[in-house]
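Okay, so here's the structure we're looking at.
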Amino acid sequence: MSQLPLLSILVGIPLLGAVLCLFVRAEAARWIALIATLLDLALGSYLWALYDPSGPQWQFVEFVTLGGGINWALGIDGIALVLIMLSVFLMPICIGASWRAIEKRVPEYMAYFLLMEALMLGVFAAQDLFLFYIFFEGGLIPMYLIIGVWGGAERIKASYKFFLYTLFGSVLMLIAMLYMVITAKTTFIPDLMAYDFPVHAQTWLWLAFFASFAVKMPMWPVHTWLPDAHVQAPTAGSVILAGVLLKMGGYGFIRFSLPMFPEGSLQFIPLVFALSGIAVVYTSLVALVQRDMKKLIAYSSVAHMAFVTFGLFAMNRQGIEGAMVVMLSHGLVSGALFLCVGVVYDRLHSREIEKYGGLSNNMPGYALLFMVFTMASVGLPGTSGFVGEFLSLVGTYHASTWAAIVATTGIILGAAYMLWLYWRIAFGTARTKEAAAMKDLSAREWWLLAPIAAAVFWMGIYPESFVRPIRNDVGRLLVRLERVAPAGDSQPTPGKPKLKVIDAEGQHGEAH
Amino acid sequence: MGRFAPLLPELILSIGGTILMLVAAFTGRRGSGLTSWLSVALLIAATFALMGAPSHAGPVFDGLIAADLFASFGKAIMFPAAAIAIIAAHGWFEHDHEHSSEYAVLIVFSAVGMSVMVSATSLVSLYVGLELQSLAAYVLASYRRSDERSAEAGLKYFVLGALASGILLYGISLLYGFTGTMNFTGLASAFGRGAPSLGLLFGLVFLLAGLAFKASVVPFHMWTPDVYEGAPTPVTAFFASAPKVAAVLLATRVCIEALGPATEAWRQIVIFAALASIFLGAVGAFGQTNIKRLLAYSSINNVGFALIGLAAAGPQGASSVLFYMAVYIVMTLGAFLCVLWMRRPDGEPVETIASLSGLSQTRPAFAAAIAIFMFSLAGIPPLFGFWPKLLVFNAAVASGYVALAVAGIVGTVVGAYYYLKIVKVMYMDDPVEPFERAREPIQGFLILLAAVIVSPLGYLLIGPLGALTDRAAGALF
């Protein structure tokens, strides 16, 4: 293993870039941001190549003690690795998407984005409980400013809602963390993952963490900040919000709630399944009636993230691996869909579905890519969406038949709203003159969308590349959950062969 | 001479202050610059003298004063804060030709009072220190004689302060009457003899009420917004920093050293005061349009958090209070130095929050500094203001007061709203007329220093500062 502190460098590059951006003009800031994010992408890929799936659980470990109960402890397992990959992959695309769309206060904007990236990567790499919290909460500040300064008409309200909602969720988690550290006498996450907290305490600890992650995820009914934030944020902000920030909720469940409080998790499976079931059906129906493209995709995010919670709390291999793949896939697909909205928004400055139509005539390239992402969102076999949703549904079915039935309706509803959206935008005739006159994708936009499309197909056709790093870690999690995993109501039961029954009856009759 | 060695910092300040007063009397307005810088030098010398003074000298003057590490820690943060308050006035009073030398001298005497406060181990020295500090403060509040608001602030502060002193004295007399001693250790043993009598309990309540006034803790906070708004801004910066620390540290020492055995009796008072301060401080700030009033409520809110650490009692709680006040003083001074720089192009100071609109576009670095202080005061990580909050909550959870910690932390979310409002005004609103460009390199450097300390780089201080506060708090037990 290499001796360089690779993870610190990974976090440090965007941080350095952010500082540099503040001292230069717009054009230079754009290039600095692009180079910094590309460097991080390269470094992330290097980590992926170095990562040994069958090696120790925690790799690239770094440990510097800061004293006073906090340590600069970094280290990643496979689960963190794939999420880091997702982040570093989406960041250069976000910078590219803001290249021309952002005209005012560019250096500041790029600085906040790079700061955001550093904090996100820190969340996934942190091995110290408080360090994790600092990164987790720190992300609020740049996002608050991104939404508030560069957002749409209702940006102020949306930024406040985003900040205070998520802050409120997180502070309760902080108290739970303090309790955990005092009880377990360590802040080291791997140690805490193996620590058995008293069962009565687990209930409260689980709820405190749930308050934070459910808001972040977001789960119904605490999802209401999301549509506002998404709609008002600039395109790249939406991409990073949907692509990475929402994944922190799922990551939190998989890193904290499940391994640290297995009994607590078991207790609340019905709650999670009920909320997820409502989310799938209700938010899908809400998505169906939206007139605003971004809002529609935002609601679809809530529905998709419900697949993640279903899969995670099924507590079996298919469910958890499926949930991970859904997270990765949704990160790519919803990010790409927001970019697609951004492409037409840049041309027409409207997100109203009404204003568009017939884009397949004048924007064939756009229509093609948009279709790919629509299909991936629907879950067409061959795309990433299918793999994740199928696996998590299988897992859910093992745990609870009813939950699986409700969850599956989400696929049908998802197809309904996504296909209808695509039909209204791409087919038929243009509803406005301006829409008919729009030009097809520029080279820059191709460069943004094509890599995501490639990744979507890669994940759909050969998901092994993404499942391999996480397989052993999911295994370790399952060992931890073994003692509580629900038996499920769809066990294969031994049949009663007819022949024997007749024999028995025959004997029965003979005896008398 | 040996018995005076533990008092070296106080001696430097008292003798130096007296001489400076004479200098001021003879040089008049011309000598204001000279006295200011000499006062700063005195305070710096006193800070350095802390290192030389034996910090384990134990009780001096028959137990009137203790020169222990707890007191030294308090002095080590208060003296520099007082010095900064003098530097902050540089270039402020010149605008209206009122700057006379007494300002710096008064702050030096106030510093002597504060240092007696934090080292007092007897009710007499407690009262003497408190009054010395307060009398200087009353004059400072009304320092701009020609300004009605300043005069009003001084009068209000004096009348209410005198009332609080009366309450405090009444409490002291009750305690003395029922125990026959003024000494903290004597009081502790009196409280240790079974359940305290009604008279002792009354004495305790009055004593704490008097201290709550000095620390501007709810429900004795009413004077704070008015005095902070009316007093000249450098004076407000001083009020919000050093005297506040002195009052909180004094309360900590009284609660733990003198009233330790009666912890159950005062803890409920402190818990109420903490939560009331947090929520009233947060809610009261909502509608404010004047930045000094807003910061006044912010200081009420922040003292509430420090009191959570006190409610936890024990060495960990006391240590978290010290840590909290040390970081608080940096954030507050930083924020007020920024307020000092809010001047219209014609040099006239402005205090409205609206005048900050769009500051991030007209003065990006200035806006960034204010944003850092605001996020830090709100306790949002990764800024350093988060860590002391974590420590006080940690102390509360560790001593079993989880509900208190939860209530307090919900208060941070309520409070976050108005800090965000300032950031919103600076970053998201359209620019208005820009401020005059400040020409105070020393103040600029101090703002930068404060911003660096509360930035994430501050986390590097956790180790050394944490060890120091642990040792200082250990002196009380």
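We number each residue from 1, going along the chain as drawn.
Yeah, the Cβs are placed from backbone N, Cα and C, and that goes for glycine too.
Where the annotation comes from TrEMBL, it is an automatic prediction and has not been curated.
Quick look at what TrEMBL annotates:
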type	residues	note
DOMAIN	B:120-414	domain 'NADH:quinone oxidoreductase/Mrp antiporter transmembrane'
TRANSMEM	B:6-27	transmembrane segment
TRANSMEM	B:34-53	transmembrane segment
TRANSMEM	B:73-93	transmembrane segment
TRANSMEM	B:105-130	transmembrane segment
TRANSMEM	B:157-178	transmembrane segment
TRANSMEM	B:190-213	transmembrane segment
TRANSMEM	B:269-287	transmembrane segment
TRANSMEM	B:294-315	transmembrane segment
TRANSMEM	B:321-343	transmembrane segment
TRANSMEM	B:364-384	transmembrane segment
TRANSMEM	B:390-420	transmembrane segment
TRANSMEM	B:441-462	transmembrane segment
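Packing against the transmembrane segment (B:157-178) from elsewhere in the chain are residues 123, 126-127, 130-131, 134, 137-138, 141-142, 187, 190, 197, 199-200, 202-211, 213-214, 220, 222-223, 227, 231: each is 6 or more residues past its ends and has a CB under 8 Å from a CB in it. B:73-93 is the stretch from B:6-27, B:73-93, B:269-287 with the greatest number of Cβ pairs below 8 Å to the transmembrane segment (B:321-343). Within its own chain, the transmembrane segment (B:294-315) has Cβ neighbours under 8 Å at 215-218, 221, 224-225, 227-229, 236, 240, 244, 248, 251-252, 255-256, 263, 267, 270-271, 273-282, 284-285, 288, 321, 324-325, 328, 332, 335-336, 339, 353, 377, 379, 388-389, 391-393, 395-396, 398-399, 401, 404-405, 408, 411-412, 415, 418-419, 422, 470, 473-474, 476-477, counting only residues six or more beyond its boundaries.
Only residues 6 or more beyond the boundaries of the transmembrane segment (B:390-420), in the same chain, are considered here, and those with a CB under 8 A from a CB of the stretch are 271, 274-275, 278-279, 281-283, 285-286, 288, 294, 297-298, 301, 304-306, 308-309, 311-314, 316-317, 319-321, 323-324, 374-375, 377-380.
Among the listed stretches B:73-93, B:105-130, B:190-213, B:364-384, the one sharing the most Cβ pairs under 8 Å with the transmembrane segment (B:6-27) is B:105-130. Beyond its flanks by at least six residues, the transmembrane segment (B:73-93) meets 9, 32, 36, 39-40, 43-44, 46-47, 50, 99, 103-104, 107-108, 110-111, 114-115, 118-119, 144, 232-235, 237-238, 241-242, 245-246, 249, 322, 325-326, 329, 333, 336-337, 340, 349, 439-440, 442-443, 446, 468-469, 472 of its own chain at Cβ-Cβ distances under 8 Å. Cβ atoms under 8 Å from those of the transmembrane segment (B:269-287) belong to residues 205, 208, 212, 217-219, 221, 225, 255, 293-294, 297-305, 307-308, 310-311, 401, 404, 407-408, 411-412, 414-415, 417-418 of the same chain, restricted to positions at least 6 beyond its ends. Long-range contacts of the transmembrane segment (B:441-462) within the same chain, counting only residues at least 6 positions beyond its ends with a Cβ under 8 Å from a Cβ of the stretch, are 84, 87-88, 90-91, 327, 330-331, 333-334, 337-338, 340-341, 368-369, 372-373, 376, 382-385, 387.
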